[in-house]
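Asker: I grabbed these lines from TrEMBL:
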type    : residues                                                                       : note
BINDING : 11-16, 58-61, 96-105, ASP131                                                   : FMN binding site
BINDING : ARG348, ARG380, ALA381, PHE382, SER383, GLY414, LEU415, CYS416, SER417, TRP594 : FAD binding site
BINDING : THR458, SER513, ARG514, LYS519, VAL520, TYR521, VAL522, GLN523                 : NADP(+) binding site
DOMAIN  : 5-149                                                                          : domain 'Flavodoxin-like'
DOMAIN  : 204-444                                                                        : domain 'FAD-binding FR-type'
Amino acid sequence: MERKLLVLFGSQTGTAQDTAERIGREAKRRHFQCRVEALDSYDVANLINELLVIFVCATTGQGDPPDNMKMFWRFLFRKNLPPGSLCQLDYAVLGLGDSSYPKFNFVAKKLHKRVLQLGGNPLLPVALGDDQHDLGPDAVVDPWLLALWDKILALYPLPPGLEIISPDVRPPPKYTLHYLAEDSPYPNDGLLQPIAPRAVPSELHPFAARVVSNQRVTAESHFQDVRLIEFDVTGSGIMFSAGDVVMIQPQNCPEDVQQFCQLLHLDPDRCFVLKPTEPDASLPALLPQPCTIRHLVTHYLDISCVPRRSFFELLSYFSTNELEREKLQEFSSAQGQEELYSYCNRPRRTTLEALWDFPHTTCAIPPEYLLDLIPRIRPRAFSIASSMLAHPDRIQILMAVVRYKTQLSKPRRGLCSTWLASLNPEQGDFRVPLWVKKGGMKFPADPDTPVIMIGPGTGVAPFRAAIQERVAQGRRGNCLFFGCRQKSKDFYCQAEWEELVTKGFLTLFTAFSRDQEEKVYVQHRIQENQRLVWELLNSRNAHIYLAGNAKQMPAAVAEALQLVLQLEGGLSPSEAEEHLIALERSQRFQSETWS
């Protein structure tokens, strides 16, 4: 009997991929032939031939599948798939989600149900990992995996004479690393090679956009530094419309890169090539070959992310120091998760800082394990805050610089926002690798349809793009609810809004929460203007858009809208709730929120 296992993942931030790779390692210890692949790089037509598959998938935003499983998702829900097409398949679905969102683990639940419909055999009920749990998703994942291996080994017993490989045995690296001779020609820094002009920029071929301007739009005395940054995309072939998103590939700062290389005794200027350890495995697509250590650490390894449990597990194998090894093993055990959470997640300790704390182990890390140990730097998404009709060949973003305190003495800084904020076009020619992808929000095609936009804080970014686009087309029905703390400190783009109000293109309602005794938020302004909101919705078929921080705001706004439907439209509370859901279904109420 063939013992083959396929692990397919859909991952947005890397957690699902990390979990899928963990399952892959556990499978190899149980002598399975195992492949771990992103759902969209797997040829889905092959699924009918698979016997054993574990799906690991995250749910993003408003219950959407991650980007790297969107094609798979469309295929799986095709109407013409015959009901018994997966009857030979034993499967299990592991979901990763966040119960503070209404569509908690929606993708995993729906996937489980769909594979069942197509005749698949579930080995276990779907697992619903939750970010909100004190111990994170592992609180659900650990016991579920134990049960899963029992089930799988009952169906596919170990071949005679073989034992499960002990967890004390170090797993092989994904790649071997071969240094080139010191005098070999130095490869150019391969990140931003000019791409064939035909290719539309993408993650594999980003466009090196020049930073045109970088201005602070909050008062110097305001606690938060918010920037309006403009990029030049002339000649890139990039096209976008309001609601679309720009993806930016950040890099580590030179000080961190230097520190990392010193800690691991690496020469940043050494060149190397990678070879995959397994015959059918591919090389990391985003790394040039040959490559310098400096390029690897600057552009690829995410040394500023909070390390995951798998990091400590792998690190423990290199430890020559008894005390350090014990601590690392504790952090990677199920019992040690509370301790790990306090050490890592709560204070937001970075990978680089964790390496400092284990100096004996760190200097013993073999370089070829770096790509197993540290995940790659993920691109960051920003709502585009400008329209091509108003600013051709330009992309603007409105970005809050992430900086906050934890119990660690050094303030925490966002990798991408800190890097972007530091690029001053007056001091040099700075290039940022970027590409554009379709956003979740679609604005109405009919020029007479009014839009109600609710965008507190940087949530106003996509609405600035929409308003610029609509004004350029001569559309007037633009109503914006904007909220911030103080009119004098963080009222972004104030002059621009006021000019549009004067010209009759914009109806503007502002909520400055700290400018008076009692706090006033956008939801209060919606209630105060309920007659207008109802009139736009009911008589003029308006669309409503909501963008911003996902903490309490979306629920508070939904409640305010339901009140409008009750007080002005005479609906009962349950009818108002139903009506709002119906508006969402028909895409007349759309939201894009982030945490």
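A Cβ is built for glycine as well, from the same backbone N, Cα and C atoms used for every other residue.
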Asker: Just to verify a number: CA distance, SER383 (FAD binding site) to ASP98 (FMN binding site), in angstrom, no decimals.
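Answerer: Cα of SER383 (FAD binding site) to Cα of ASP98 (FMN binding site) measures 22 Å after rounding.
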Asker: Take the C-alpha atoms of SER11 (FMN binding site) and ARG348 (FAD binding site) and report the distance between them in angstrom, rounded.
Answerer: 21
Asker: Count the other Cβ atoms sitting within 10 Å of the Cβ of TYR101 (FMN binding site), across every protein chain shown.
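Answerer: So the Cβ neighbour count for TYR101 (FMN binding site) comes to 20.
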Asker: Of ARG348, ALA381, SER417, GLN523, which is closest to ALA58 (FMN binding site) if I measure between C-alpha atoms? They're all binding-site residues.
Answerer: ALA381
Asker: Determine the Cβ neighbour count for SER11 (FMN binding site): the number of other Cβ atoms within 10 Å of its Cβ.
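Answerer: Excluding its own Cβ, the number within 10 Å is 23.
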Asker: Count the other Cβ atoms sitting within 10 Å of the Cβ of GLY14 (FMN binding site), across every protein chain shown.
Answerer: 16
Asker: Max Cα distance spanning THR458, SER513, ARG514, LYS519, VAL520, TYR521, VAL522, GLN523 (NADP(+) binders), Å?
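Answerer: Those residues reach a largest Cα separation of 19 Å.
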Asker: Of the residues in the domain 'Flavodoxin-like' (5-149), how many are helix, strand and coil by DSSP?
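Answerer: Result for the domain 'Flavodoxin-like' (5-149), in helix, strand, coil order: 58 helix, 35 strand, 52 coil.
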Asker: Considering only the binding-site residues THR458, SER513, TYR521, VAL522, which residue has the minimal Cα-Cα separation from SER417 (FAD binding site)?
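Answerer: So, spelling it out, the nearest of the binding-site residues is THR458.
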Asker: Taking just the CA atoms, what is the gap between TYR521 (NADP(+) binding site) and ASP98 (FMN binding site) in Å?
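Answerer: ASP98 (FMN binding site) has its Cα 25 Å from the Cα of TYR521 (NADP(+) binding site).
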